[in-house]
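According to Swiss-Prot, the feature active site, proton acceptor maps to LYS179, HIS297. Taken from Swiss-Prot, the feature substrate binding site applies to ASN127, THR177, LYS181, ARG298, HIS330, SER382, supported by sequence analysis. Per Swiss-Prot, Mg(2+) binding site is recorded for LYS205, ASP207, GLU208, and the stated evidence type is sequence analysis. Summarising the annotation, Swiss-Prot assigns N6-carboxylysine to LYS205 and lists sequence analysis as the type of evidence. Sequence annotations record features per position, and here Swiss-Prot assigns site 'Transition state stabilizer' to LYS337.
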Amino acid sequence: MNEALKSLTVTGKERYKSGVLEYKRMGYWEPDYEPKDTDVIALFRVTPQNGVDPIEASAAVAGESSTATWTVVWTDRLTAAEKYRAKCYRVDPVPNTPGSYFAYIAYDLDLFEPGSIANLSASIIGNVFGFKPLKALRLEDMRFPVAYVKTFQGPATGIVVERERLDKFGRPLLGATVKPKLGLSGRNYGRVVYEALKGGLDFTKDDENTNSQPFMHWRDRFLYCMEAVNKAQAATGEVKGTYLNVTAATMEDMYERAEFAKELGSVIIMIDLVIGYTAIQSMAKWARRNDMILHLHRAGHGTYTRQKSHGVSFRVIAKWMRLAGVDHIHAGTVVGKLEGDPNTTRGYYDICREDHNPMALEYGLFFEQHWASLNKLMPVASGGIHAGQMHQLLNYLGEDVVLQFGGGTIGHPLGIQAGATANRVALEAMILARNEGRDYVHEGPEILAKAAATCTPLKQALDVWKNVTFNYDSTDTPDFVPTAAVTA
């Protein structure tokens, strides 16, 4: 600890005579601290109120997310306070964003309950996000020590075992969300599933708010969907599936629906992010016990991940969900209708699919992360994608991904089955070109046009959606330009 810091930090009896101290004088600011391999590290984007010292604001974040309260308390002397205080050890200005700072904060591993996302999030994104001296606060990234990672089960099935169960290798998986997502009867819903699977898709899925409504009870949907899956498997000779959304009001209801899906022979169930971290982990444990693939729809994430100055980055949510144990997560498309900067999305996909993430600031990854043999998490791309973008999707997202063409299947002018066939032919043509060593990225339109010459459904798809793009600036791009630290 340097001399300047010693003069700031009040210790001993003087500390308990002081009443209210600045957080940086209470030990939450330690610029000489070297994080331990066993520390949990969080990176916050801190925007202090006008006139608030950025170091004091960052120290306050460390304090309020660990052991501090607004005044000095005598009971600190009954604990290993030096050990349990979170330590802000670095504060850097955010490039090209005056008034905002990156605060690096280390937390002792003993501050967290093993294997609990609920406990982790209660500390890291709890009361501190309502702290008055802060104009805005965003959790940008986290690093978890291997000792902590090993307390979680990780994805229940994982990419390798999922591909083995489906007997599908060497290409992205194809899916579609049933549209319209609300209003169909169970019988008509099942018809959509059958036609899409028979046409060449691997999966269909419920949407986030397809639960159990007056027009379609969940049990009816499950029965008609699994009848469709079984008929499509018999017709094509391929393993098929449909994501049956078991999201409900209570855990008891969700377990009941999941058990019924299992009884019907489903290989996969689905939940929504909005059910909460404890429910997600509970369903992940159920899925592992029952050999079921678990799909997570990230419904609701945009309320706190999209704004660059306040909230939680989706890269953090992706890390939490890999720990929690889901097998699929929607992670962006780059070219679709939903938020997704190419570099930022690449970072999300690397979090899901790699055994080890090196620090890669250009992708928004501020820390090296070892995943300690946890299974890999299959990212899902959905929202405004179509067959004409197949070369771009393969280039940006790789082959370990589920490409979900909802409107791009069900909106086909020749019908649902034709829409599915168009997507399957486009994918197979692009994979063949890649395997032959062709420059499929630049030759993509030519490859698709050649395939369409002998496939009317693909030709129709290319004609209908050839001019459909979603070229909007992303609101969440990486900030990685090196700058001088204010801690120097």
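Using the three backbone atoms N, Cα and C, a Cβ is placed for every residue, glycine included.
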Look at each of the recorded positions, LYS181, HIS297, and point out the one with the fewest other Cβ atoms around it within 10 Å. LYS181
Three-class DSSP secondary structure - ASN127 (substrate binding site): helix
Residues near the Mg(2+) site, LYS205, ASP207, GLU208 excluded, by Cβ within 8 Å of the Cβ center? THR177, VAL178, LYS181, ASP206, ASN209, THR210, TYR243, ASN245, MET270, HIS297, ALA299
Here the recorded positions are ASN127, THR177, LYS179, ARG298, SER382, and the Cα closest to that of ASP207 (Mg(2+) binding site) is found at THR177
Cβ neighbour count within 10 Å of ASP207 (Mg(2+) binding site): 20
Taking the Cβ of GLU208 (Mg(2+) binding site) as reference, which residues of that chain separated by at least 6 in sequence fall under 8 Å from it? LYS181, ASN245, THR247, ASP272, VAL274, HIS297, ALA299
One finds that other Cβ atoms within 10 Å of the Cβ of SER382 (substrate binding site) number exactly 25
Under a criterion of Cβ-Cβ distance under 8 Å and sequence separation of at least 6, what residues of the same chain contact HIS330 (substrate binding site)? LEU296, HIS297, ARG298, PRO379, VAL380, ALA381, SER382, GLY383
Around LYS205 (Mg(2+) binding site), how many other C-beta atoms are within 10 angstroms of its C-beta? 29
Comparing the recorded positions LYS179, ARG298, which residue's C-beta has the most other C-beta atoms within 10 angstroms in this structure? ARG298
C-alpha spacing of LYS205 (Mg(2+) binding site) relative to THR177 (substrate binding site), in angstrom: 5
Counting across all protein chains shown, how many other Cβ atoms sit within 10 Å of the Cβ of ASN127 (substrate binding site)? 11
What kind of secondary structure is HIS297 (active site, proton acceptor) part of, going by DSSP in three states? strand
Do me a favour and check the Cα-Cα span between ASN127 (substrate binding site) and LYS179 (active site, proton acceptor); whole Å is fine. 40
